[in-house]
Each structure stands twice: as C-alpha cells, then as structure tokens.
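So the structure is just underneath, and the comments pick up after that.
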Amino acid sequence: MLSYTANVVPALVKANHGDFGVTLAELRSLMELRATDALHKIQECYGDVQGICTKLKTSPNEVCGSVNVGEEEEESEAGWIEGAAILLSVVCVVLVTAFNDWSKEKQFRGLQSRIEQEQKFTVIRGGQVIQIPVADIIVGDIAQVKYGDLLPADGILIQGNDLKIDESSLTGESDHVKKSLDRDPMLLSGTHVMEGSGRMVVTAVGVNSQTGIIFTLLGAGGDEEEKEKEKEKKDKKRTPEWLNFISMEMQPLKSEDGVDGDEKDKKRANLPKKEKSVLQGKLTKLAVQIGKAGLLMSAITVIILVLYFVIDTFWVQKRPWLAECTPIYIQYFVKFFIIGVTVLVVAVPEGLPLAVTISLAYSVKKMMKDNNLVRHLDACETMGNATAICSDKTGTLTMNRMTVVQAYINEKHYKKIPEPEAIPEKIMGYLVTGISVNCAYTSKILPPEKEGGLPRHVGNKTECALLGLLLDLKRDYQDVRNEIPEEKLHKVYTFNSVRKSMSTVLKNSDGSFRIFSKGASEIVLKKCFKILSANGEPKVFRPRDRDDIVKTVIEPMASEGLRTICLAFRDFPAGEPEPEWDNENDIVTGLTCIAVVGIEDPVRPEVPDAIKKCQRAGITVRMVTGDNINTARAIALKCGILNPGEDFLCLEGKDFNRRIRNEKGEIEQERIDKIWPKLRVLARSSPTDKHTLVKGIIDSTVFDQRQVVAVTGDGTNDGPALKKADVGFAMGIAGTDVAKEASDIILTDDNFTSIVKAVMWGRNVYDSISKFLQFQLTVNVVAVIVAFTGACITQDSPLKAVQMLWVNLIMDTLASLALATEPPTEALLLRKPYGRNKPLISRTMMKNILGHAFYQLVVVFTLLFAGERIFDIDSGRNAPLHAPPSEHYTIVFNTFVMMQLFNEINARKIHGERNVFEGIFNNAIFCAIVLGTFVVQIIIVQFGGKPFSCSELSIEQWLWSVFLGMGTLLWGQLISTIPTSRLKFLKEAGHGTQKEEIPEEELAEDVEEIDHAERELRRGQILWFRGLNRIQTQMDVVNAFQSGSTIQGALRRQPSIASQHHDVTNISTPTHIRVVNAFRSSLYEGLEKPETRSSIHNFMTHPEFRIEDSEPHIPLIDDTDAEDDAPTKRNSTPPPSPNKNNNAVDSGIHLTTDMNKSATSSSPGSPLHSLETSL
C-alpha cells in the first residue's frame, strides 16, 4: 500500500485539488470519525453520501477518468601463504555475514510489491465494472465490496446488503461490525469483509488511509515524505493549506505540536540511528579495548626488537653500517615488523563478529523449527535479556476458537462436556435440531487445512462453538441441515443487539410449529416457563427455580469468564390457528429450557507452564487485550499471570489513561512509574494504550536496570507498539502485513510457548558468545605473551606467522562455530536475565582465563627454554635468518595447539560447573570440529614442512604434546575448586557502553535521550552540577512567599520548564500556593526518604514546586489523593481534548497537581509551614 504513497496521492492532489469541492483535510477529518459521529458530520457538511460523490465529481455508476496517475624462493615460494590465509579468513567473515543477511531478507524482499501485483479490486469506471490493481485506486472511485475482500482504501458506504466488517486489525475487537447507511457507513482500509456485499465511494488512499497513517507512524513512508519536502521547498508559493494539516497529523505518537517546518526537518535529519543491540555494544567495546592492548604490545615488541638489534650490532659488536649489508639489515627489520604484525593479529579478536554472526545465524535457523521466524538477527539476542513480555490474549494465550466448556443439561451442571450416553435421547434430539437449524447456515466447521491441525471455524464464533458441542457429542449437524435446508425455515428472528437472541420457526409435517430459541441466558431464561427434567420430560420452571439456576450455574460460569447461552424451544399444536409471526413478543415466550452452556476461548494447554517458566526466569508477563476486564482477569488467573492473594493491578484502558495523565491530558512518566510495576492486565485497551505502556516501561528508571520489553501483536494497529518494543513479535497466522513489517520475530504458530523458546535461544546466544570469549581470550593472553617474551629474549617469535594464523583460525572461526552452536537447555530458564549492564566476562570467567593462561605459559616457557634438554634435541633458539624448521619449536607449537584443543572443552562451561563433558555428544558440530582440528594439526606437523615452519615429530613427542594438552582438563578441575568470592582482585570485563560515555552531541540528537541519560547519571553528582542554580531559584521562591508576590520571577530562571507552564498568572494569595514539584524531575527521586525532608536544607536539595489551578483534577493512584482543599483560582484555558487519532502528546516536562490535603500555615510569618515537601 505504501508504494503508491508517492505516486497516487500527490498526483491526485496536485492535478485536481483545486477542482474538487472537498479538501483532503476535510476528508481525513471525516474518516477519523466512527458510526453516528460520522453520520452527523456527513449530514451537516454534505447532506448525504451523494453530496460527497457530487463534490468528488463522481457518481455511483461512473467515475471521472481525467485523473492522470504518475508512475516512478623457498621463502618467497611460501610467502604467499600468509597473505592468502589472511585473505581467506577475511573472505570467510564477509561471505558468512553477507549470506546470512541475504537469506534473511530474501523471505521479505518482495512482500510489498507482491501485495500490489497480486491484489486487485473491483471498481466501476465509465459505467463498466473492471478489476484494477489496488495501487491504481484513486479518491472518488466507486468500489464494489463483497465477502472475503480486504479493503485497500477508506471509503463511505453508498449501498450495502447485510454488510459486516471485521475491524480487529484496526481496533483489536474481534466482533464483526455491521455497516449500514443509517448507522455506520465508514469503511476502513486494512479491514476484512466477513458477510454481505455493497458499494463504497473511495475517500482516502495511501498515507491518508487509516492503514497508511499507521504506516507513517512506523516511519515506513519516510523516503516519500522527504521527496515531498524537497518539492515543497522548491515551490513554496503553491504549498496548499492542507499540507500543514498533514504535517501535524502525520507526527509520531509522542511528537510535540506546534513545531515549525524547519525544526521538523532538522529533527528528521537528526533522528538517532537504531541503537546497537546490548551484546553488539558490549562486544564492540571489548574488541576495541583488546585491540588497543594488542596494538600497544605489538608496537612495544617491534621497538624492543629494533633497539636490541641496533644496540647489539652497532654498539656492542661495534660493526659499521656497510652499504652492501643494507638489504640484510632491511630483511631483519621486515622480520621484526612481521613479528609485530603477528602479535597484533593474534591479539585482535577479529573472530568476534564472526562468532556473533555464526551464533545468531545458527540460532535463527534452529528457531525456525521452534516456530520463530527471525527478521532482525539482534532480536534473537535481545530476547535473552527480556524482563517483560506484553502479550495479546486472543490467539496467543488462548486458542482463538470459542468452545463450549461447561453445560447444564438434564438438571446436572457438567464442568466438562458430558459423554453422549449421559444425555437422554429425547434431550439430545432437541439439542441437535435446535443448534443445527437455529445457527446461521453460513456458520460451519470445516476440516483442517493441514493434517494434524484443528478444524476451521467459519462464520459466527459463538455459533461455531455450539456446532462444535454437537461434534463433541458425536452428532453431525450437517445431516439435520441437509434434511431441513435453509429455504424450508418458516420464520427466522435474526440476532441483534436489542433482542440478544435468535429464534427459528420450523413447520412440522402434521401442521404444527416448533420454535427454537438461543441467546443470552439472562434474557432467554426469563421467557422460560418449563425446563426439561432428567428423564427428558418438561416440568414447571418457577421464578424460584430460575433464581437457583442463576446462583448455582450462571453466576459461577460468569465468574470464570464464560459467556452463558441458554437454548430453549416451544411447540405450537396443530389444531390451533397459525400464530401472528410478526408479533414477536407473543411468539418467543412460554419457552421450555433445553440447556444452559458456558462458552469461552480456552487457554492453550501449554501456556500456564510456559508462563511459570517465564516467571521463574525473572520475566514479568502482562496481558494487554481489547476484551472486557472480567474475561481478561479470568483468563489471566487460568494462565498464571495473576495468582490468588498477590497484590497486582488489573485496569481498563480508560482507567489506565486517567491515572497516567495530568489535568492537561498529558502523559507523565512519574504516573506511569507508579502503575506499571504492579500492572498485570490491561483490558479494553486501544493500540495507543499499548504503545504508551511499552514506552513507559522502556523509559522508566524505577529499577537500576532498564527494562527490556517484548510485545506481541497481530493487528495493523499494533504496529507502533511492535516498533517501539525492544523485540516485537507478530503473529504469522492471524497477523496483518503491517504488523509483520513492524516486527522483529514472527511467530509462525501464534503460540506463547514459542516466545519462551525465543528467550531460551536468546540466553543461549549470550552464553555461547561468553564461552567463545573465555576460550579466545585465554589463547590471546598466552599467544601475545609468548610472542612478545620470545621475541624480546630470543630475537624471534617461537610461533611463526603462518602458525599464528592457524592458531587464529582455530580460536576464531572454528572455535566460534563449535562453541556458538551449543544447543540450549532448560537450565537457561532457571536464572534471572543478565541485564543490559552485566559484563560479558564475569569474575568466574576471568578466573578461568587467567588460571588456564598461567598453566599454558608455564608449559610453553618450560618447553621453550628447557625443551631441548628434556627431549634431547637441538635448540631452536637464536637460529639464523633463513634456518630450516626445528623440532624444538615444532614441539612448542604442537603442544600449544593441543592445549587449545582441550581447553576448548573446558570453555563449554562458564559458570564454574565441574562436568565439562555434560551434553557434549548433543553437539555434533563441536565433536566434528575438535576431531577435525586434531587431524589437520597432524597433517600440518608431519607434512607442513617449511611453509608451516614445522619438522616431523616422533610418536613419543606426539604423546607428550597430547599429555600436556590434556593437563588443561585436570588443571580446570583445580581452578574450579578455588571459590571466586575469595579472588576479590579479579575484575569483570565487557561492560556495555554507559550513558555517561556517550558524547553530548549524540545525546542532543533526541530530547528523550537527554532525559534518559540524565536520569541514569549518579544521583549524588547532580547536586554538584546544578546545586548553585537550584538554590538561587529556591531562595527566590521563598522570598516570593514572604513578599506575597507571584513566583513568575522564580520560574523565569528555568526557561525550559517555564515554557510548559503557559499562563501562571493571577495567583490569589501565597497561602493557597503549594510549592511542590514545579521543577518536576525524577533526578531527585530516591536521594532521601520523604520523612527526612522536613528541614530547610533537605527542602533545598529536593526542589518540588507545584501550582494549584482550578481545573477539574484526575484522581491519582493513592486513595488519599481524592482529598483536596479548594484549589486556587486562576485564569486558564481548559485542557485540550486529545486528538481524534489518539495520538497522545507527551511533551516531556509538565506541571502536575498534588491532590494531597494541603497543610495550612500555622503562623503568618512562617511561609514554610504551607510547603508540602513530601512526594
């Protein structure tokens, strides 16, 4: 739908805007209205729909066709190996990364174009009914709508036949909305036609349609808007008024109104880039730190080697610099430089990005089997840090298929569906016929599309539940329908909101009539005078009996969140005259009750266990649903989101909004912070509420750790919330394209348990990277120290450049592949989330790294300086420039590699576990790589020769190498016995980038970022940063009190805050002013307990000034908030009503109203007595 944003709308408007009798702004404001509001607007401004058609120069039969829509030597022989090996490793990293990105994007590449090309729509043009691609639909077209259509544009109904629309993709409500000319003629893009047919006049397409507006909120239309802006700047004179309207309407949910165009352009240019994931940030920082250390070591190595050579040659040996010897000297210097580069190559962990990519790619591939289609690789890792999940109810926690779960039949209350044998045949007959004929024949249950799937429900969900009851009772409704086709039904009283029941009259062969009725139990039971007894015979049903059923059956069902339906019938004997069928009240009365059934959308059987796992893993699950609060609460109890006796909040959307907004209708973070930690269920919530909640949790600083929020959504309306969340989950089955586009992960089975699997994989990625780091840094430390020390003492590196590259390949590419492909285990869910600031390298890991490095260094240096005596071979130290490879140095190299191989097994455990072999055979890749590396090492040593600087070794020498390598496993057990808590000197490494480290100019890009960064500064420092200015301000305020004047002077010191205050004038007397929280800032929260704030000094360090106004107040959370003294009068305009699009404006800093009972001044000379200094 977006691709024609740039073409259709501008072309249409620029070509014809002046010719039409209605502006774009008017059409947009009209399409934001619903039902009766829209009807009143149409009648008031246009007379009727025909009036709109006239102004758009169209008629119900043809459309103006004049609109043009715009289109758019030995040594030298071996020398190449080093370069080739380096090139190969670079190519490896690049190709793996590129392939992953390509395969990931391939699945989504043609999504939008495919929709455009494949989806066609029927319109009437020039009196002809034609099918055109949705991209070609323009305002003023007459479009035909029918069952099954997905509406591509907004429009107004001209003519309709029993038209019902599923607007759940926009509103989240699953009930179908009936559309008619006299009640609700507004048809919206992105909604589905579920019943009937009709025609509509198109009033909005592209970015101006309801789906387009949501796309714009997602920022998907950014490029097109940029082009538009450029064109507008070139031709300012022709800028029409409606453009200003659009620029205001199209702002993101939390933007500020009243910003001029230039500022908007700057803001858009300065939009912060999508921040790195937590893991990427930590790894980048760690890699830079290691890289700097490596660079320093390599530079020192080269300098020491050069100085040693120069001093030894020209100073100690007193040799002159001979011109013919220059090439030899240069070769020495080149050798020193190569040794320096070798140290650098080993030190710099260039395998880190590869390890992350491999780990994520492997996880993503495996997650596909767990029904998680990952669109953004970093989302996989972010999920491991998740602390909160905001989940939909319908389809995610529940099965999204209404089902009869309880029944009251033959005077028994069955908590589960009874066996067919338990119901008398006579009652069964009434039940089967009554349900089969008294449900719309369009409602049916079809076989599953896939083998092993659930049957498909088509039509009304409640009726499908009743038909499902018959199937559970081993009866087939279709046989009855075949016997009594729809045309044989004598009379049907269809369901509507007034009668809340549906009745069908059948004419029997003997001339008698029977009416079956079903509906809301409280309505139908009142019309029942009899009830079927246990033997199937009718018996008298008195009001007392009805009250008993209500108390013992209906109320318990309702308390469990069930919808109760009563089924009844009545017979009209053959001898009596035919009743007056139009007199419904006389017909549908005197009924006999067959049964009362309880219907619900049952919780998925695996969900309660999954939620328990989440809670054990330190993740809070919240339900955000459009359903009513009673049903939501009942489902939350069944899922385990709510547990009896716990102190948690269940709120409705309007109540939530009332609590989080101040008297001006502005959202305040402090108010959200009071609610969200306890909030577990948000019912009757709009998409904006969902977005507000997610943003509020993410921006909150209540806890030390920033919350990492995952959100599920299926509708177009969930797009902004999915985009705002750290990880957005879209539903693969029920989800719209907009939701999928905005998401990070798509749940292919719409099941909550798949989210738990995503958490497991996310934590596994984190642990895999930590395992790899533990292994790699051990190699790094040893290799760098060996190369550096060896070079400085023996004038040569014990490990040659090509050997180092092989070691690098082991510790980078192969190790990352082996350690990054460890499968996750349930044990990952037994710990709390690591959090955003948890270092990658814990103290336990640091203990392992330094412990193993110590063992390896002792072994290597022993072999290097005493190896020739131990093995009785020639020494390889101080060899001439082009000497052949020595056995001595080959043993050093071989033992070094063996130690790395066995240490790779140690690296599998990072939390101090003793059994490093646990589950090793579950990872075939790990076993294959360790064995493969061992085989390649044998080949390199035995047959590598000069290119690899290796000499053949005997069996005995090999056994010693392997034995010393295996020693790392035993040494690992020894290290595990040392408690980490005793090693206080060990530091952690790999922290994430702290907010304090971000340059100011970066923070200045986004107002919200500044606020967030400031809040995370150490609170004590802030008093030093701002204390002087604050104290001056506060003294001014105290003086203002004493003089009885206004506090405008004090406020003027804080221009950024004063701008929020608007008219702070006509304050009557200082005793009515309560100085609490004008300079509202959470920077000062938590510094001291409220009870310690009684002294003037404490008051100075907690400046909280608040000005009372006369506007009606919104009650706060606390019960005491309801009490209030008479507020001070002042001139003010009433708070603006929120705009119709529910785009809540959050302007950052506000004056809020304290409703606590004000303390009156006890002595006139003491103004501080009237100050309220507690929060």
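For all residues, glycine too, the Cβ spot is worked out from N, Cα and C.
Where the annotation comes from TrEMBL, it is an automatic prediction and has not been curated.
Sequence annotations record features per position, and here TrEMBL assigns compositional bias 'Polar residues' to 1153-1175.
Feature annotation from TrEMBL assigns domain 'P-type ATPase A' to 119-217.
What TrEMBL records for 1020-1054 (among others) is domain 'Plasma membrane calcium transporting P-type ATPase C-terminal'.
Taken from TrEMBL, the feature domain 'Plasma membrane calcium transporting P-type ATPase C-terminal' applies to 1071-1104 (among others).
If you look up TrEMBL, you'll see 1115-1175 marked as region 'Disordered'.
Residues annotated as transmembrane segment in TrEMBL: 295-316 (among others).
Under the heading transmembrane segment, TrEMBL lists 336-362 (among others).
Taken from TrEMBL, the feature transmembrane segment covers 772-793 (among others). Tertiary proximity for the transmembrane segment (772-793) is limited to same-chain residues at least six positions away from its ends with a CB under 8 Å from its CB atoms, namely 286, 290, 294, 297, 300-301, 304-305, 308, 336, 339, 342-343, 346-347, 349, 351-352, 355, 359, 799, 804, 807, 810-812, 815-816, 819-820, 840-841, 845, 848-850, 852-853, 856-857, 860-861, 864, 896, 900, 903-904, 906-907, 910, 990.
If you look up TrEMBL, you'll see 849-866 (among others) marked as transmembrane segment. Here the transmembrane segment (849-866) has Cβ contacts under 8 Å with residues 774, 777-778, 781-782, 785-786, 789-790, 794, 798, 841, 877, 891-892, 895-896, 899, 903, 906, 964, 967-968, 971-972, 975, 978, 986 of the same chain, all six or more residues outside its ends.
Annotation source TrEMBL lists transmembrane segment at 886-903 (among others).
Residues annotated as transmembrane segment in TrEMBL: 924-945 (among others). Counting only same-chain residues 6+ beyond the ends of the transmembrane segment (924-945), those with a CB under 8 A from a CB of the stretch are 806, 810, 814-815, 817-819, 821-822, 885, 890, 893-894, 897-898, 901, 904-905, 908, 952-953.
Marked as transmembrane segment by TrEMBL: 957-978 (among others).
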Tally of residues which DSSP labels helix, strand or coil - the domain 'P-type ATPase A' (119-217): 18 helix, 51 strand, 30 coil
